[in-house]
Ligand SMILES: *Cc1c(COP(=O)(O)O)cnc(C)c1O
Ligand code: SF4
């Protein structure tokens, strides 16, 4: 049996197993024992938690909190609204659509880590919502929609599927003439790096007309280890690029130092920052959310100009009408008839002549 499957069988998802990794606080204990919620992580990711500090940035993503019962600002039936499931064209359950040329293809609701801040919480964590994950139905729909050139396979975590299932999805998609790229959203390079093995690389790999791109989710520098570095390197060796989609999380990465360190460290293991998402208004995750402006402030104060352009994510709010970028806007200070006044990250100014149209 492959190592990653063994690890999944040993998921840290009971009070007893969690106690092997951390000193459980009374609050954590109450959350675990009284709340009906799916939770747990891999032994690997569990071992990265700080045993003594309940505010550990990894621990807060793993261990349930009583705060999840509070819901002052979350939107009810968030996922149905966000993924336009109740409006417009008829689509299979597994297809979410916000754009003309690309779709999200949901193939499972199983994950290797049940992130407490998950925006698909209703489906993945609380399981109050159930969808039909019929891969053949999804593939059929994609075949009939020639305008779809880019398929983003998501979940849950699609890399939890068996090699056989994953291989079949990729083979079938690559047979569709209008599919030009396949993307995966998976946290396995961060929470289960053993999943990136020889067998997986064979399925994803080699030169092909239709490339595979991966975006993972890493929210704090402490989540990055040698194991992740090895996994990402192996993916790149088989022609797969790896990007990151972080979530802006209060008390985890919303200070300039953590935010910059995260993005710098990603590059050291060859992961290219792609997006930072505003933490979405799904129910029960108020305690992870900051004001919307926070992300743009962090890009301004910690990233842009402070470190290489290679490690600049785009800050976006994912909404039902697509992703809306919200970047800092200090660069253009003013424009007169003759010149633009530009500002840099150190608050220095320079000017550029205006060219009339
Ligand atoms: C995020 C998302 C995509 C992909 O968006 P990109 O900006 O191209 O990464 C596509 N479809 C849906 C429904 C999405 O939520
Ligand atoms: S891996 Fe993704 S889908 Fe799964 S719980 Fe985490 S954020 Fe949600």
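Note that Cβ sites are derived from N, Cα and C of the backbone, with glycine treated the same way.
If you look up TrEMBL, you'll see 1-13 marked as domain 'PH'. Residues or ranges marked as domain 'Radical SAM core' by TrEMBL: 97-310. What TrEMBL records for 111, 115, 118 is [4Fe-4S] cluster binding site. Sequence annotations record features per position, and here TrEMBL assigns N6-(pyridoxal phosphate)lysine to 323.
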DSSP state at residue 111 ([4Fe-4S] cluster binding site), helix/strand/coil: coil
Inter-residue Cα distance where the pair is residue 323 (N6-(pyridoxal phosphate)lysine) and residue 118 ([4Fe-4S] cluster binding site), in Å: 17
Close-lying recorded positions around ligand 1 among 111, 115, 118, 323, where CB distance stays under 6 Å: 323
Near-site residues: [4Fe-4S] cluster, ref 111, 115, 118, CB cutoff 8 A to centroid: 113, 114, 116, 117, 120, 121, 124, 125, 157, 187
Intrachain C-beta neighbours of residue 115 ([4Fe-4S] cluster binding site), sequence separation six or more, cut-off 8 angstroms: 61, 62, 125, 187, 217
Length of the line joining the Cα atoms of residue 111 ([4Fe-4S] cluster binding site) and residue 323 (N6-(pyridoxal phosphate)lysine), in Å: 24
Other C-beta atoms that fall within 10 angstroms of the C-beta of residue 323 (N6-(pyridoxal phosphate)lysine): 16
Helix, strand or coil at residue 118 ([4Fe-4S] cluster binding site) [DSSP, three-state]: coil
